[in-house]
């Protein structure tokens, strides 16, 4: 028999009754039932109930066992007594009668129990992550993560992609987020950077004659903490294709992502033919470029009903060019209490309030706005939004560029409060036609809106002749249930167009050569049309595991202060290490 086990703790069945077995694992739970000791033994594969009676030579040692001790049991498999089966366990029809015990590893007093689903402070969970990872929910999430990545790899290879590994030590790129810098010992005063993404390398692969590349790529960004992003590092399914249009990328990747979701959706419906929503339409209808399409609410422009109306606040606003009034329908939200609650919520979000109209019995509009604009305009709004008695509408007004984010939050809040969001499905969509440029209010200049390497729609001619703020890019995202899970684009592969694109954003050719010299050089030697995308592995896993916390699907995450509480990172280093790197510390004064 094997030194440690003949079976795993998830393997024994009724067919094993009367077999002599050896199991090893952790003492998950210990119960004393009238002299009989019941020990649930756990390993990676499952749990087996083991029993020791007072007449067993192993009983005295069994009494000393504590939770999370690592032990080896020798015993005999028997049928559980009638009425004691546990249908929730694959091993629930049998138990092991122990006749010999060996303690393989004792455990100190636990700072948090492994048994059960009780919540514990994040600091404790991260400091003792090795215990947290033994808990079933987190353990299963990590296993699901591995299986999802396996599915991604298999599906990518099925459609002709090859996996390559791009460098981890690379050159710093000042645009975008801050780099994590790595000092060079051999080249004093110079630094490598950890890649924010393999963007330039994957484009260089296409220029090197490869056709379809992918990798599960680690990416590093020294960003301030955000609720929807882990500090430090994240992983993406990164890919690039040569000689493709935007349609080719969609045709290749939509089945891959759909298939991965279907593999792990646990029977929940997954969108088959993804809608394509232009960026501008997404903002107007949903107030976000990553809409949750499970929420049926669609915003509409109702400016015409307030222009010249008795509600002077909106009427005066609409006298200024560019201002609009948007309505968010609230089906079954037509009670004073609910409308007042939404108004209070808006004030809590830093807004002056949230105007509303309620439609009561007989279809009459009610509320301050209805009283000011009159029944005819109120009825016209109701008809435009397709509402009825018992419903409500909520209004935001002003410059859409300034209020669309809040409008999107209000739409989401209404969907949640009115229980309109079907949590048991995955709604995927392409968001297309992103603007190439936006106006940077802080720096008072035109800047890139998204990826600076994207091809402008209309190519070089558009860059030379159009108002930059009207140029759209061959840039696209994938949205799922309110999250951006992928982003990509067709690349600007012509040197003249690349230089012009950066020139519009205020960067001269010398800056392009300085920052992106390797790729710019490669463009001079025959660059194929190419494009691709990167899908966020962590967010996809998070959605499929049914959680909204990225730490619940990551092995050893940092806390929100970018600290690894288990390993003690970041840490001090020795004077000798700093001397070898020619670095002297100049720390801020407290």
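Positions of Cβ are set from backbone N, Cα and C atoms, glycine also.
Per Swiss-Prot, the features are as follows:
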- 33: site 'Important for tRNA non-discrimination' (SITE)
- 83: site 'Important for tRNA non-discrimination' (SITE)
- 175, 221, 450, 491: L-aspartate binding site (BINDING)
- 199-202: region 'Aspartate' (REGION)
- 221, 222, 223, 484, 536, 537, 538, 539: ATP binding site (BINDING)
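Features as recorded by Swiss-Prot, highlighted on the structure.
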| residue | record | Cβ neighbours (10 Å) |
| --- | --- | --- |
| 83 | site 'Important for tRNA non-discrimination' | 5 |
| 221 | L-aspartate binding site | 19 |
| 222 | ATP binding site | 15 |
| 223 | ATP binding site | 15 |
| 484 | ATP binding site | 17 |
| 491 | L-aspartate binding site | 25 |
| 536 | ATP binding site | 23 |
| 537 | ATP binding site | 23 |
| 538 | ATP binding site | 21 |
| 539 | ATP binding site | 20 |
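This prediction places the mean pLDDT of the region 'Aspartate' (199-202) at 95.
Most buried of the recorded positions 33, 450, judged by other Cβ atoms within 10 Å, is 450. In the three-state DSSP assignment, the secondary structure recorded for residue 450 (L-aspartate binding site) is coil. Of the recorded residues, residue 222 (ATP binding site) and residue 83 (site 'Important for tRNA non-discrimination') place their C-alpha atoms 57 Å from one another. For the recorded site, residue 223 (ATP binding site), the DSSP three-state label reads coil.
Counting residues of the region 'Aspartate' (199-202) by DSSP class, helix then strand then coil, yields 4 helix, 0 strand, 0 coil. In terms of C-alpha distance, the listed binding-site residues 450, 491, 536, 539 place 539 closest to residue 83 (site 'Important for tRNA non-discrimination'). Of all the recorded positions in the record (33, 221, 491), the one with the smallest CA separation from residue 537 (ATP binding site) is 221.
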